[in-house]
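I have placed the structure first, in the form of structure tokens, so that the comments after it can refer back to it.
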Amino acid sequence: MASIQLYVAAACAVVLALAAPALGGDPDMLQGTSASLTTPPNPPHTHPRATEIIFVLEGTLEVGFITTANMLFTKSLTMGDVFVFPRGLVHFQQNRGYGPAAVVAAFNSQLQGTQQIAMTLFGAMPPVPTDILAKAFRIGNGEVEHIKANFAPM
């Protein structure tokens, strides 16, 4: 019975998300969906133009976001759980189970944008000046250069 409820809830989320563009482009409606396997971690990132909602189809995820007051909110999610990442806040997802984890993700914008924090800071072209990053992270210039080398284009 719980399995049927899970799939009905997932189907409703997908239908709502797919129908949203036909509802006059209301920015509060879910407008985009994607299914993703989250076995590798989804590193800290942000969506500057959209709120994200996820529905866990299978597996166990640890998710979290950081508020503008630098408060971290985390939660362990399992099959059937729903979680919302507010627009523009840094957030992450990581598989904490023993098998694959799958989610349905939806955004309230077709152009949500995605900005990965580490890549943005250490892989920018032209590069962010080393001394600025060293001061921001309170580390030495050599450490910054070492980190930048890990984000260099391949």
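Note that Cβ sites are derived from N, Cα and C of the backbone, with glycine treated the same way.
As given in TrEMBL:
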type: SIGNAL; residues: 1-24; note: signal peptide
type: DOMAIN; residues: 20-145; note: domain 'Cupin type-1'
type: BINDING; residues: ASN42, HIS47, GLU52; note: oxalate binding site
type: BINDING; residues: HIS45, HIS47, GLU52, HIS91; note: Mn(2+) binding site
Any idea what the Cα distance is from ASN42 (oxalate binding site) over to HIS91 (Mn(2+) binding site), rounded to a whole Å?
-> 9
Rounded Cα distance in angstrom between GLU52 (oxalate binding site) and HIS45 (Mn(2+) binding site) is 12
Residues near the Mn(2+) site, HIS45, HIS47, GLU52, HIS91 excluded, by Cβ within 8 Å of the Cβ center?
-> THR46, ALA50, PHE65, PHE85, LEU89, VAL90, GLN112, THR114
Identify all same-chain residues not among ASN42, HIS47, GLU52 whose C-beta atom falls within 8 angstroms of the centroid of the oxalate site's C-beta atoms; report them in sequence order.
-> HIS45, THR46, PHE85, HIS91, GLN93, ALA105, PHE107, GLN112, THR114
Binding-site residues: HIS45, HIS47, HIS91 - member with fewest neighbouring CB atoms within 10 Å = HIS45
Other C-beta atoms within 10 angstroms of the C-beta of GLU52 (oxalate binding site) total 24
Cα-to-Cα gap, HIS47 (oxalate binding site) vs HIS91 (Mn(2+) binding site), nearest whole Å = 9
